[in-house]
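These notes are about the structure you will find just below.
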Amino acid sequence: MAAAAEPGARAWLGGGSPRPGSPACSPVLGSGGRARPGPGPGPGPERAGVRAPGPAAAPGHSFRKVTLTKPTFCHLCSDFIWGLAGFLCDVCNFMSHEKCLKHVRIPCTSVAPSLVRVPVAHCFGPRGLHKRKFCAVCRKVLEAPALHCEVCELHLHPDCVPFACSDCRQCHQDGHQDHDTHHHHWREGNLPSGARCEVCRKTCGSSDVLAGVRCEWCGVQAHSLCSAALAPECGFGRLRSLVLPPACVRLLPGGFSKTQSFRIVEAAEPGEGGDGADGSAAVGPGRETQATPESGKQTLKIFDGDDAVRRSQFRLVTVSRLAGAEEVLEAALRAHHIPEDPGHLELCRLPPSSQACDAWAGGKAGSAVISEEGRSPGSGEATPEAWVIRALPRAQEVLKIYPGWLKVGVAYVSVRVTPKSTARSVVLEVLPLLGRQAESPESFQLVEVAMGCRHVQRTMLMDEQPLLDRLQDIRQMSVRQVSQTRFYVAESRDVAPHVSLFVGGLPPGLSPEEYSSLLHEAGATKATVVSVSHIYSSQGAVVLDVACFAEAERLYMLLKDMAVRGRLLTALVLPDLLHAKLPPDSCPLLVFVNPKSGGLKGRDLLCSFRKLLNPHQVFDLTNGGPLPGLHLFSQVPCFRVLVCGGDGTVGWVLGALEETRYRLACPEPSVAILPLGTGNDLGRVLRWGAGYSGEDPFSVLLSVDEADAVLMDRWTILLDAHEAGSAENDTADAEPPKIVQMSNYCGIGIDAELSLDFHQAREEEPGKFTSRLHNKGVYVRVGLQKISHSRSLHKQIRLQVERQEVELPSIEGLIFINIPSWGSGADLWGSDSDTRFEKPRMDDGLLEVVGVTGVVHMGQVQGGLRSGIRIAQGSYFRVTLLKATPVQVDGEPWVQAPGHMIISAAGPKVHMLRKAKQKPRRAGTTRDARADAAPAPESDPR
């Protein structure tokens with residue numbers, strides 16, 4: 001038995017360069033890169049040549065010399081390969097100069113799972129087109145719709161997903177291998193072509209091949225060799241004050257998927273990775289479409305164990321009809337990225353009847369085995385079409401046991417298991433090797449971890465579980481699965497199950513007892529393990545503390561699609577924030593994104609911000625609104641907010657902040673805006689622009705970090721329809737009083753009527769309103785229809801300012817403005833000096849009242865030809881509506897019944913963030929490396 005040293009936080013095969021991900025492995029594994037004889041399935045544009053002896057340092061690669069038939073670039077140095085010869089890995093398609101072979105430290109995909117430091121599953125979004133991106137498994141360019149991880153920069157072909165390893169970013173602590181020191185999380189390739197190495201300052205990116213590495217937390221970029229010269233600890237780069245550190249977030253695994261943990265809307269995908277899940281073939285490592293075999297060759301279906309047969313997932317392998325059994329087996333192992341010794345494996349014939357069945361009892365077809373003496377697929381005779389890879393029985397085996405804690409100087413220890421070895425005997429054997437011999441073995445247990453690309457599953461093994469039988473069972477299901485399975489010796493700590501479940505959409509205004517009773521009726525909650533920890537009565541939401549993982553999962557699945565009293569519920573899993581562990585200078589950013597706002601750019605921004613920050617701090621407003629995020633950050637002593645949406649979205653978030661202010665440890669968080677709507681007047685005033693048009697999301701975050709804090713008035717509007725101004729109105733049918741908050745402006749009359757018509761048109765056909773230009777065109781068309789309309793608004797309303805009656809001129813619209821921007825940037829108040837009024841400011845505690853005479857007047861104001869009719873300025877207003885009249889507040893319109901409207905200041909001013917003025921960059925200065933490397937939205941034409 002042996003112990004493998006762990007140099008620092010990560011170890012790289014042969015030393016030198018990092019495994020993209022979070023590696024912690026042993027240099028001993030470097031010998032896993034064995035040369036496999038025989039030609040592979042062909043690299044596509046290159047022709048197979050003579051195999052050259054590859055360097056032992058190349059981790060897991062199977063290099064052979066090939067003759068190049070088209071321009072090719074080296075995957076290590078990204079330079080052009082001059083001449084006709086290159087070296088290609090038959091498994092992962094890594095291409096290299098001969099001179100670069102001895103420097104290759106990027107591991108082959110066949111051994112990559114064994115190098116991951118902490119296994120973390122990926123979270124894939126829907127398939128999409130990703131321009132100039134490369135697959136992390138086969139290293140080919142992504143041309144057809146492909147998959148990408150929502151949390152990290154992993155891009156994959158759908159049929160390559162089963163061969164990717166679980167090396168996603170670790171965004172929270174889950175009770176397994178928790179640690180406070182954070183290391184770089186390296187991801188290979190897909191860097192901008194102009195990216196520069198942090199160490200040598202030379203270009204390290206490429207648009208031709210998968211080359212270079214980048215930390216997915218701090219954004220530092222480097223050559224794979226140069227990255228070894230960097231300190232292993234990651235400081236989160238320029239965004240360190242905005243990022244929520246993973247060590248400060250705790251979420252215990254309770255059966256929830258990654259998409260559920262990160263509140264990501266799940267997309268239905270056919271099968272795991274789509275690798276032939278519908279019975280279709282998955283092509284070989286080169287991903288070229290399988291053509292008719294050349295004369296003298298044949299194509300075989302190769303299955304990896306019972307699970308692949310049951311799912312009808314196979315790989316196509318083309319071999320010579322004269323190929324021997326060893327050569328065919330080698331080609332099959334390369335196609336399935338299996339790093340095991342071929343001497344321990346065999347190919348068994350799969351009967352045609354078994355291929356058509358949904359389930360197949362493995363081992364029944366073992367009578368037809370490829371052997372050198374017997375018939376093989378290359379014998380030239382009638383041979384079966386499908387074969388399955390099988391493991392030969394073993395009398396003993398060397399097993400790697402990993403410690404379940406990270407603060408130890410070894411990555412793993414190796415023990416020999418025999419038919420008599422059990423989980424308990426292995427624990428007794430490895431504890432002295434890990435320096436824990438003084439502790440009681442009863443407090444430790446063996447844990448099996450299946451490291452799938454989509455799921456990481458942990459299973460506690462029984463003390464009497466025979467390990468050799470367990471390994472054979474795993475190989476029976478899938479030979480490759482053994483390389484994706486680890487065994488950890490972990491302390492048997494009784495971690496109390498705890499899940500925080502946010503439930504929204506409940507009837508507002510109920511008592512705690514009524515909410516508990518309502519939830520018990522809806523979900524049959526168990527009082528012994530479910531309790532209500534927080535109640536937001538005015539918003540109709542509660543937070544449940546669930547002390548049982550199974551009960552939490554049951555409640556989540558039940559409540560998320562349930563309707564109570566005609567209202568659809570929302571159920572979200574929330575982590576716990578360990579605010580005491582936040583760095584002293586940390587002021588994390590809480591991000592709210594409305595994906596439905598103008599142009600539908602919010603979907604791309606959601607993905608970009610999840611990758612640039614911790615996904616736990618990014619919230620989709622269509623999935624529960626702003627309240628879940630505010631509850632999660634309620635104990636954070638200092639944080640900021642970024643709202644991505646239109647003016648209505650900003651008002652929604654500010655209103656939620658107002659209602660929850662007394663619950664927040666940071667009662668006055670500053671709010672920044674990324675304008676996604678049509679008008680975006682508040683965004684204009686605060687210098688965030690007229691609308692988002694594809695700017696670099698990383699640059700947006702930098703601007704938020706550097707923004708200046710300013711104050712802004714908020715106003716409360718009381719709408720009371722009980723006291724109608726007309727005697728013919730029946731108060732019994734009047735609307736109940738309601739209160740709305742206002743930040744920008746409130747319009748009565750013609751402008752609200754135009755907004756209402758636009759709003760109704762968008763609700764009827766929302767798919768057409770995806771362009772800001774189209775939206776403005778609809779406004780123009782609606783305005784032209786109203787150009788001759790006259791309703792003499794001044795005769796239908798009464799206005800009091802500071803309790804004094806104000807006579808209104810002949811107008812069609814009355815507008816109360818709080819900011820110097822209205823109707824997509826128009827200056828309604830005007831810039832002319834007037835001794836009757838003070839110069840308006842957004843924090844002066846005053847509203848300006850302006851009138852417009854009609855659609856033509858509004859058009860002239862927006863064109864800068866005129867200004868509105870100045871009527872009054874004050875802090876308290878009372879408007880009497882004599883008839884039902886269109887009203888809009890911050891772009892949200894409705895028809896208000898006759899009655900009163902009272903507008904007054906709404907308590908303390910809100911803290912907003914105004915974008916700092918751009919400082920001219922001096923000649924010769926370079927951009928921040930992360931700004932070059934930040935992921936642009938997927939729909940960005942860049």
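Cβ coordinates are placed from backbone N, Cα and C, and glycine is handled just like the others.
Look at Swiss-Prot and you will find 1-59 (among others) tagged as region 'Disordered'.
Annotated phosphoserine per Swiss-Prot: Ser22 (among others), in sequence order.
The phosphoserine annotation in Swiss-Prot covers Ser26 (among others).
According to Swiss-Prot, the feature zinc finger maps to 60-108 (among others). Per-class residue totals from DSSP over the zinc finger (60-108), listed helix then strand then coil: 3 helix, 14 strand, 32 coil.
As annotated by Swiss-Prot, zinc finger applies to 121-168 (among others). When DSSP labels each residue, the zinc finger (121-168) comes out as 6 helix, 11 strand, 31 coil, counted as helix, strand and coil in that order.
Residues or ranges marked as zinc finger in Swiss-Prot: 183-234 (among others).
Summarising the annotation, Swiss-Prot assigns region 'Disordered' to 269-295 (among others).
DSSP states for the motif 'LXXLL motif 1' (555-559), grouped as helix (H, G, I), strand (E, B) and coil, give 5 helix, 0 strand, 0 coil. Per Swiss-Prot, motif 'LXXLL motif 1' is recorded for 555-559, and the stated evidence type is a curator's inference.
For the motif 'LXXLL motif 2' (574-578), the model gives a mean pLDDT of 93. Per Swiss-Prot, motif 'LXXLL motif 2' is recorded for 574-578, and the stated evidence type is a curator's inference.
Feature annotation from Swiss-Prot assigns domain 'DAGKc' to 584-721. Each residue in the domain 'DAGKc' (584-721) gets a DSSP state, and the totals come to 55 helix, 30 strand, 53 coil.
The region 'Disordered' annotation in Swiss-Prot covers 908-942 (among others).
The feature compositional bias 'Basic residues' is assigned by Swiss-Prot to 911-924.
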Beyond the flanks of the motif 'LXXLL motif 2' (574-578) by at least 6 residues, Cβ under 8 Å: 172, 244, 247-251, 261, 498, 500-502, 543, 616, 628, 631-633, 635-636
